[in-house]
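Taken from TrEMBL as is:
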REGION    50-92  region 'Disordered'
TRANSMEM  108-132  transmembrane segment
TRANSMEM  152-174  transmembrane segment
TRANSMEM  246-264  transmembrane segment
TRANSMEM  276-298  transmembrane segment
TRANSMEM  381-403  transmembrane segment
TRANSMEM  439-458  transmembrane segment
TRANSMEM  470-487  transmembrane segment
TRANSMEM  493-514  transmembrane segment
Amino acid sequence: MSTNGGAECSNAYITEGVKLSPISSEKAENTQNNDGVTLLQPSWFPREELKEAVNGSTQANPLKGPSPTDQPPPPQVLSPAQPQSRNAPASLSESVRRLHERFRNTSWLEMLCIFVIITVVIVGHFIEIISIKYWHSKFPNGKTPGTLTTLVLPSILLAAFMVTVMLLFIFFTTPSLRFAFCCQSLVMLFRIGCIDAIQSGVGVYSVIKTPNALAALVKPAAPLFATLFTKMFLKDKRSYGSPWLLISLAFVIAGILVASIFDLKHGFNKIGKNSWWASIYLVAVALSSLVNAMQAVYMLKFTYDPKFDELYKIRARGGTAVPSMGSQSTLLSAQNVLALGVGNGNHQLAVEMGNIPAAQEPEDVARTALKRLRQGRGTSVKIVMLTIMLLFRFAGTLAFLPLDGVKPWGESNSIGDAWNNLIAGERCVATCDNNLPPFVMYTSGVLLSYVGSAYLNQYSVTMCSIIKQIAWPLAALILVFVPRWSIDPVVTPWYFSLVSIFILLLAVLLYMFWECSTGDEKDKNERQLKERMMYHLAK
């Protein structure tokens with residue numbers, strides 16, 4: 001390519017330390033900037049964006065020739081674009097504008113799906129909260145300890161239900177499940193399932209036995225753990241010192257405390273010897289947030305996303321824009337990508353340095369196809385993930401059978417007595433008065449919470465955790481109107497619950513402001529993480 005403008009050639013290369021694949025002149029068009037530099041780009045490339053990128057900034061243009069009056073360009077032309085200050089929060093008007101734009105660009109069908117998912121999460125968690133203690137109270141006191149039954153019986157039913165759903169899904173849709181049987185998928189599902197099994201057992205025992213006053217102090221920790229694990233596992237590089245995020249988390253804590261203020265005032269004199277269960281409950285809350293974060297990582301890694309098709313189209317055409325694989329790659333800013341005629345400028349691409357061949361080898365094509373085979377549709381990934389999780393939950397709950405005979409953890413007198421209590425508890429569900437309805441109610445709530453959380457975690461683990469907190473004051477509000485579902489003689493006044501719900505809704509809104517103001521950076525981080533995942537998946 002000539003820098004004095006107008007020279008025609010059949011192949012175009014950039015040779016200063018970077019090797020790019022040739023661009024066929026049959027599928028390329030000439031674009032000339034203000035300095036007379038003729039660029040060749042593919043016919044599918046947006047010409048107006050390229051002209052704007054080339055003519056808009058001479059300093060960022062790596063193809064501009066030297067001028068007698070110009071300073072020599074810096075040597076690191078292809079270095080990453082300087083990021084903006086991540087500590088500078090978007091203004092209120094800017095955040096509102098971005099949020100409004102996001103809603104405007106969302107179709108009514110998508111809005112309906114989002115509303116349904118949020119409703120499923122809140123309703124499922126709300127049913128869990130109300131029904132677990134109510135169901136436990138229906139077991140004959142002293143004759144049939146019900147905690148072990150409360151843990152094991154729903155796990156059996158949930159596992160059987162999800163296995164049935166997966167078999168029907170496979171029979172009617174015949175999806176590609178290659179992703180489910182690769183080694184990395186099995187290892188990740190094993191880890192998620194084991195942690196969820198521990199969380200389920202610890203959670204059921206601790207929720208039933210933790211005094212309400214102490215539980216009120218533990219519940220606000222869930223969004224904090226979710227934020228921490230998102231930072232750790234999803235490699236989120238956004239600034240978590242943003243006022244929007246900090247105020248949102250503060251509102252979550254305030255909302256939960258307002259909903260629990262009545263318990264805090266009247267419940268400390270009833271704590272007794274069960275105060276140590278609060279620490280177990282805190283562990284259960286942390287493990288629940290950890291499971292949600294690991295779910296998000298699994299879905300990001302194995303869910304097919306059409307927005308990555310462009311990377312593989314470029315490789316199929318012989319381009320060298322590939323997922324970033326390490327120190328030999330140099331990220332290109334959007335402006336440099338446009339100037340080079342690679343990609344569409346919306347995302348940063350990586351250009352392999354040094355010894356990358358100009359043409360794509362057959363092995364590269366096979367590896368690219370292998371990556372695609374190890375991806376699954378969103379519904380397939382979620383069904384497989386939930387099925388394996390609930391199977392592990394069932395298997396893990398059986399490990400709590402001998403623990404129920406250990407004091408002060410369990411309610412049985414011995415390990416052998418624990419098995420007898422489990423059989424008696426399952427028989428009581430079918431024969432005892434008013435025991436079957438709360439069992440069905442609690443199992444349905446757990447199922448709704450699992451399914452809704454799986455969809456919401458794919459968007460934001462922290463958002464899912466914050467939305468779940470709304471279920472606590474909502475449950476307290478329902479108990480005001482249906483007091484027979486409450487096992488506590490004192491019910492929180494309705495106005496505390498209404499104020500708490502309002503504060504938590506504000507927390508959700510503020511968190512959405514933060515998500516919108518950092519949306520571009522979030523997309524970039526997820527894209528880079530997905531590229532690394534897909535590269536290692538093919539190795």
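Cβ atoms are placed via backbone N, Cα and C, with glycine included.
As the structure is a computational prediction, the values presented were derived from the model and not from experiment.
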Residue numbers, six or more beyond the limits of the transmembrane segment (246-264), whose CB comes under 8 Å of its CB atoms: 212-213, 215-217, 219-220, 223-224, 227, 466, 469, 472-473, 476, 490, 492-493, 496-497, 499-501, 503-504, 506-508, 510-511, 514
Cβ pairs under 8 Å between the transmembrane segment (381-403) and the transmembrane segment (108-132), at least three: no
Considering the transmembrane segment (276-298), which listed stretch of 152-174, 439-458, 493-514 counts the most C-beta pairs under 8 Å: 439-458
Stretch-level contact, the transmembrane segment (470-487) and the transmembrane segment (108-132), CB cutoff 8 A, at least 3 pairs: yes
Among the ranges 108-132, 152-174, 493-514, the one whose Cβ pairs under 8 Å to the transmembrane segment (439-458) are most numerous: 108-132
